[in-house]
Structures are given as structure tokens and as C-alpha cells.
Amino acid sequence: MKALAKLKAEPGIWQTEVDKPDVGPNDVLIKIKKTAICGTDVHIYKWDEWAQNTIPHGMVVGHEYVGIVESMGSEVRGFKVGDRVSGEGHITCGYCRNCRAGRVHLCRNTIGVGVNRPGSFAEYLVIPAFNAFKLPDNIPDNIAAIFDPFGNAVHTALSFDLVGEDVLITGAGPIGIMAAAVARHVGARHVVVTDVNPYRLDLALKMGASRAVDVSKQHLKDVMAELGMTEGFDVGLEMSGVPSAFSSMLDTMNHGGKIAMLGIPPSSMAIDWNKVIFKGLIIKGIYGREMFETWYKMASLIQSGLDLTPMITHEMPMERFAEGFDIMCSGQSGKVILNW
Ligand code: NAD
Ligand code: ZN
């Protein structure tokens, strides 16, 4: 079958032929319809230090997709051939303390689809049936194809009560923008998004941010004053991984504020701990999505009118993957979808 794989230890990704994956007794075989390019795929494409240390030679990449169940193992219950699915990309062990307690997103032995095992940039993908998510009919394919990063946004945004709160989102990447849309949809008051990329700040405004702040040109505190915010943000969602963005968040949080951190800093990051202590801040780390409460909420948010369509700025046949990666690397895009 056709696939996109990391065939060389250098920047790039290559189209190749690989064997159709074997289906174990607890697995489903998914015929991929659409995949989306994730920031993680861009790291693998660019072959940064993390990718060099993580990705085995020849790995089939990709983990954002929608497809159709084509066959399944003898032990699988709850799915049938023809079901339209997306899937949770974190494969968990099932035997650690958290897994056994049902806190599966906190598994300490998580394996990543398209990172540690073959991914979805392929005609077919095999995952445990446990990880497959059956899609309601009224979720369009393009939206289902970005459920994985949408899940990061939903998990982070719904970590704390947002109703009537002032929310700061640092980083208007695809995940930050979708988090802004969620915050608006569930009833936050001001949703302020920061970035240094005008294209993405513009998209954040289209998706429901009250204000989009280019921190290379404007002071966040001036914007807060314009909005009549005299105290500070109630909830912070860190979605850039940039240390200066996180420190501006610590500066502008109200006392008792709550921060959910999704962005991955490049290395260890120094902060002013006095801000955390004397403001009494609560900081929560976020990894992946809750299985499967986040998936349930994602479907419900779309069904209740949250429109992610403007997030999908580019769509093309998979053969044009090089162009798709170039667009993602340029920062002049929302999500880029490849049709298989
Ligand atoms: P992205 O790289 O597209 O977005 C990051 C954004 O931050 C970019 O738009 C960039 O211009 C912006 N930025 C740069 N400097 C800034 C500054 N000073 N202030 C504010 N913004 C600034 O990434 P994404 O795909 O949207 O993901 C967001 C973050 O979450 C990344 O760090 C990614 O690695 C991380 N991530 C974490 C998980 C997890 O499970 N914890 C999952 C997926 C992604
Ligand atoms: Zn586990």
C-alpha cells in the first residue's frame, strides 16, 4: 500500500510502498479517507533533535485522520465493517495503576501512533479497537480528520470552568485557535489570544477570539486596559511552548487564576515562582486527550454548533504532500488536509 514514511535521516518525508498492516484479534483495520498534518509531523519532517531521538528508520508517520472500518479482529465488539471512525493516537498499556483506575490518559507507558508505531499517512491503519472513535453521521469528514488536535484544544480548554471568565490563550497555532473557539462557545467573557504571526491571529479572530494580540507590536497589558480588565485573567491556556509567552501569562493572571499547559517548551524553562506562589496560581499539565470523555465532548461541541470549518485552510490529494508540508512549515495556514 501507499504510505508516507521517514526513509532518510534528514529533513523530508517520502512516498513509498509498505505492507498492509496485520490485524490482531483486538484490532480494527481502517481504510484512510483523509489525514491532516500535525505540528508533530512537521517536527519529524524537519528532523529536529526530538525527532532524531524518537523516530525509528522507515516509520510511517501521521495520526490525524478519518476512515472506514474495513475489517476487525475476532475479539472486537461494538464496531462493524463500514463504520466511519477517527481514533485516539495514544495507545495505552491497560495494566499500570492509572489505566486500571480508568485514568487512561495518564498511562505511563503510552505509545504514539505515527511516532512509535506505524501511522495514518497510509492507505490503511491498524489500531486497537479500544482506540477507535465511531463518528456520529453529522460530523463532516474534514472536521473528523482534525479531531486529534481538536481534542488537545478541548481537553485543555475544558480543564477549568470558563463560563463568564476572562481567558488568555498564548499561541495561535491550530490548537490555540480551536481552544479560543471552544472558550467562546462555552461562554467565556473575553478570550484574548496572543501570537507573533498575523495570519494566525486573524484566523483566531474569525474563530471567536475577542482580541488577537501581536505581542511583537502591542503590550498585552494595554489590551487588557482597553477591555476594561482591571484585575487579570481568570484562566490561562498556554499553547505556544514559548518561555516568554508563559512568563507574560504569569504576569497577567489574576490571583487564584488557573493555568492549563499544553505547549511544549524547547527545554527546561525558568519562571518567576514568586508569581505562582503569591498569586496562588494553579497549574495543570495537559497531555493528549481524556479517553474518551474528550472525544464525547468534541462530538457534542460540533453537534451544538461549534464550526471548525474555517480552520481547514488547505486540502489536496496526498500525492501533493510536499506542498502540504511546505504550507504547514510556512505558518501561513490553519489545518492542511491530504485526501487518500
Ligand atoms: P504551533 O507551533 O502551530 O503553534 C504555536 C504558536 O505559538 C505559533 O503560531 C507561534 O507563532 C506562536 N508563538 C511564537 N512565539 C510566541 C509568543 N511569544 N507568544 C505567543 N505565541 C507565540 O503548534 P500547535 O500545533 O498549535 O500546538 C501548540 C503547542 O502544543 C506546541 O507547543 C505543541 O508542541 C504542543 N502540543 C502539545 C500536546 C500535548 O499533548 N501536550 C499535543 C499537541 C501539541
Ligand atoms: Zn497504562
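In case you wondered, yes, glycine gets a Cβ from its N, Cα and C as well.
When other Cβ atoms within 10 Å of the Cβ of T40 (active site, charge relay system) are tallied across all protein chains shown, the result is 24. Residues or ranges marked as active site, charge relay system by TrEMBL: T40 (among others).
Annotation source TrEMBL lists active site, charge relay system at H43 (among others). Taken residue by residue with DSSP, H43 (active site, charge relay system) is part of a helix.
Look at TrEMBL and you will find C38, H63, E64 tagged as Zn(2+) 1 binding site. Over all protein chains present, the Cβ of C38 (Zn(2+) 1 binding site) has 25 other Cβ atoms lying within 10 Å.
When other Cβ atoms within 10 Å of the Cβ of C107 (Zn(2+) 2 binding site) are tallied across all protein chains shown, the result is 22. Marked as Zn(2+) 2 binding site by TrEMBL: C93, C96, C99, C107.
Annotation comment: TrEMBL describes I175, D195, R200, L262, G263, I264, I286, Y287 as NAD(+) binding site. Same-chain residues at least 6 positions away in sequence with a Cβ under 8 Å from that of I286 (NAD(+) binding site) are, in sequence order, N152, H155, T156, S159, A260, M261, L262.
The domain 'Enoyl reductase (ER)' annotation in TrEMBL covers 12-338.
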Nearest recorded site to C38 (Zn(2+) 1 binding site) by CA-CA distance, among binding-site residues C99, C107, I175, G263, I264: I175
Averaged pLDDT, computed only over the residues in the domain 'Enoyl reductase (ER)' (12-338): 97
Residues among the binding-site residues C38, H63, R200, G263, Y287 that border ligand 2 - Cβ under 6 angstroms, in sequence order: none
Cβ-centroid neighbourhood (8 Å) of the Zn(2+) 2 site, C93, C96, C99, C107 excluded: T92, G94, Y95, R97, N98, R100, V104, R108, N109, T110
Inter-residue C-alpha distance, G263 (NAD(+) binding site) and T40 (active site, charge relay system) (nearest angstrom): 12
E64 (Zn(2+) 1 binding site) versus binding-site residues C96, C107, D195 - nearest by Cα: C107
